[in-house]
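Engineer: The structure follows.
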C-alpha cells in the first residue's frame, strides 16, 4: 500500500555534480512498484531511486524465444575471447608469424572489446539498444567470416580487431537488454542463465579451439559463428521488444556527454591491456611494459576523478565510487575475472602437460568443471529470484573458491588419480559459478534505474580488464616457474624444453620412462602451485571486502507492461552510512513531501492485515 503524494514542489532529477554523496536508501513500504507518473519528482531519501519514475514500464516479451537468442550471441562473443588460445600455434606456423604478431591475434580482440565497452551504455540510452545490438551482431558475424578467410597474419589481426568491436558490444548490450526486459525482482534468474552461457563459453573456448584445429581447421574457430549468429539475429529482429530510446538531439549530446571521461577510460584501458600483453610476451621488467601499465593505470585513476567531479553525464556513474556496495563489488568482480579467465586457459595446459592429453581429451577432462560452473550460476540466479538472497550466495561462492583452490594447492599434482581430479574440479567450478554474475544484480539494485545501462557497461568493462590482466599475470607466473624448475632437472635443453605448443606437451610424455621423466612431470605440476595460491588470495580478498557492504531491496522500479502497478512513487527510508545528507534544497522539498504524506495518511483507512503482509513481503533486500 503506497502513500499518495502531490508534486507541488518538484525537484530536478539530477543534483549538481558537486553535491555531497547521496546516502544509501531502500524501499520500506508499498507494492514495490514505481511506475511512470507525470511530473515525476525526487523520492524521499534521494539518490537510489532518483529518476525511477521517469523510466518506462518494462515491455512484454516472449522470453522463451528472446532469452535463448540473446544467450546464443553472448555465448559466441564470449567464446571468441578464448577459443583462439589453443589454435594460435597452428595459425602462427601457417602464416610464419613473429612472436609479436602471434600475440596480437588475441590482444586485438580484447583491446577492441575494451575500447567500445564504455560507449555502449550512454550511447544506447540515446539511440536505442536494438539498433546497436543488431549492428554489433552483424559486425561480429561479417568479421568472423573475414577472420576465417584470412590469407596473411596482418589480415587476421585487423579482422580480429573489428570482430572484437562487435563482440564487446554484444557482451555489454545483451546484459543491458536483459535489464530492460526483466524486472529487478526476477532478474537474478535470467542473469544466471546469461552468466552460465558466459561461463561455459570461457571454459570451452580453448578446448573447442584445439579440437577444431586438430580435427578440422583453425578457420572453423571463426566460421562456427556464421550460422548461429544469423539465426539469433533473425529471431531477435522479429521478437525483441524494447521501449523507444530517449529523445535527445546531437546538440544536447555534445553538451551533456562526458567526452573527457570517455577518452580517459578508453586510453587507460587500451594501454593497460597492451602493457600486460607485452609483459606476458617480453617480461614485466621491460621498459615498454612498465611504462604502458603505469600510464594506463594513471589514466584510469583520472577517469574515476573525472566521474566524481564532471558536470556532464559521466561514462561511469559517480555513485559507483561513492557507495561502498557498488565500489567493493566492482573490485570483487574485476578480481573474479582476473582469476577465472586465466584458469580456463591454464587448466587445459595442466592436463596436456601432466596427463599427456591432446586438445580433445583435455576438453573431455574439463567437462565436469564446465558443467558445474554453468549449473551453479543458474542455481545462484534461482535462489536470488525465488528466495531474494543475493549477497550470501556470492559470499558462499567466494568461500568455496578459497577452499577449493587451497585443496588444489596441496593435492592437485601429477600423482593424483584422474578420477579424483575430476571430482576436485567440481569445487572451484561451484564457487566460481555462484559468484560469477550475481554481483551485477547487487550493483543494479544499489543504483538508480536510469543508470542501469551505465553501471552494466562499467561492470562489463572491469571484467574485461580483469580477464586481460589475469591472463598476462598468471601466464607470466606459470612460465617463470616452468623455466625455473625445468632448469634444475638434468637434461634440460637437450632432452626436453619448456613446452610452448601441443607438440611440446606430447614431447614431454615421449621421454623414456625413468627418473628424468618423473622429475619433469613433477616440475610441471609443481609450477602450477603459485597459480593456485594466487587464486586463493584473490578470492579471499573478494570475500573480505564484500562482507561490509549493504543490502538493497529488489522491489522497486517499473514492472512488466502486463503487470499493473500503483501510479505513485514508492516512499523510501534513508539508511545512511554510505553517503552524506541531501543538499538543503532537497531537504526542504522532502519536508514538504513529508507534510503532504502526513495529511494524506490521516485520510486513509487503517491498513488491513493483507496489506501489511504485502508490504512486509515487498521489503526484501539483497
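Cβ atoms are placed via backbone N, Cα and C, with glycine included.
Take a look at what TrEMBL says about it:
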REGION    1-51  region 'Disordered'
DOMAIN    66-550  domain 'Major facilitator superfamily (MFS) profile'
TRANSMEM  132-151  transmembrane segment
TRANSMEM  157-178  transmembrane segment
TRANSMEM  190-211  transmembrane segment
TRANSMEM  217-238  transmembrane segment
TRANSMEM  259-280  transmembrane segment
TRANSMEM  286-305  transmembrane segment
TRANSMEM  326-347  transmembrane segment
TRANSMEM  359-381  transmembrane segment
TRANSMEM  393-412  transmembrane segment
TRANSMEM  424-446  transmembrane segment
TRANSMEM  458-478  transmembrane segment
TRANSMEM  531-549  transmembrane segment
REGION    555-622  region 'Disordered'
COMPBIAS  597-607  compositional bias 'Polar residues'
COMPBIAS  608-622  compositional bias 'Basic and acidic residues'
Engineer: Who are the long-range neighbours of the transmembrane segment (157-178) in its own chain, taking Cβ under 8 Å and residues 6 or more past its ends?
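Structural biologist: Hits for the transmembrane segment (157-178): 67, 70, 73-74, 76-78, 80-81, 84, 101, 104-106, 108-117, 120-121, 124, 129, 132-133, 135-141, 143-144, 146-147, 150, 187, 190-191, 194, 198, 222, 240, 242, 440, 452-453, 456-457, 459-461, 464.
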Engineer: With pairs restricted to those 6 or more apart in sequence, evaluate whether the transmembrane segment (458-478) and the transmembrane segment (326-347) have 3+ C-beta pairs under 8 Å.
Structural biologist: yes
Engineer: Which range wins on Cβ pairs under 8 Å with the transmembrane segment (190-211): 286-305, 359-381, 424-446?
Structural biologist: 359-381
Engineer: Taking a Cβ cut-off under 8 Å, which residues six or more beyond the ends of the transmembrane segment (531-549) line up next to it in the same chain?
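Structural biologist: Contacts with the transmembrane segment (531-549): 324-325, 328-329, 331-332, 335-336, 338-339, 342-343, 346, 391, 394-395, 398-399, 401-402, 405-406, 408-409, 412, 428, 431, 435, 439, 442, 473-474, 477-478.
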Engineer: Check for me, if you would, whether the transmembrane segment (424-446) reaches the transmembrane segment (326-347) - at least 3 Cβ pairs under 8 Å, residues 6 or more apart in sequence.
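Structural biologist: Contact between the transmembrane segment (424-446) and the transmembrane segment (326-347): present.
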Engineer: Looking only at residues six or more beyond either end of the transmembrane segment (359-381), which have a C-beta under 8 A from one in the stretch?
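Structural biologist: Cβ under 8 Å, 6 or more out: 86, 188-193, 195-197, 199-200, 203-204, 206-211, 213-215, 347-348, 351-352, 393-394, 397, 418, 421-423, 425-426, 428-438, 502.
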Engineer: So what's near the transmembrane segment (326-347) in sequence-distant terms, Cβ-Cβ under 8 Å and 6+ beyond its ends?
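Structural biologist: For the transmembrane segment (326-347), the sequence-distant neighbours (Cβ-Cβ under 8 Å, at least 6 residues beyond its ends) are 81-82, 85, 202-203, 205-206, 319-320, 362, 366, 369, 394, 398, 401, 425, 428, 432, 435-436, 439-440, 442-443, 446-447, 455, 458-459, 462-467, 469-471, 473-475, 478, 528, 531, 534-535, 538-539, 541-542, 545-546, 548-549.
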Engineer: Would you mind listing the long-range same-chain contacts of the transmembrane segment (286-305), meaning Cβ under 8 Å and 6+ residues beyond its ends?
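Structural biologist: Non-local partners: 261, 264-265, 267-276, 278-279, 315-316, 321.
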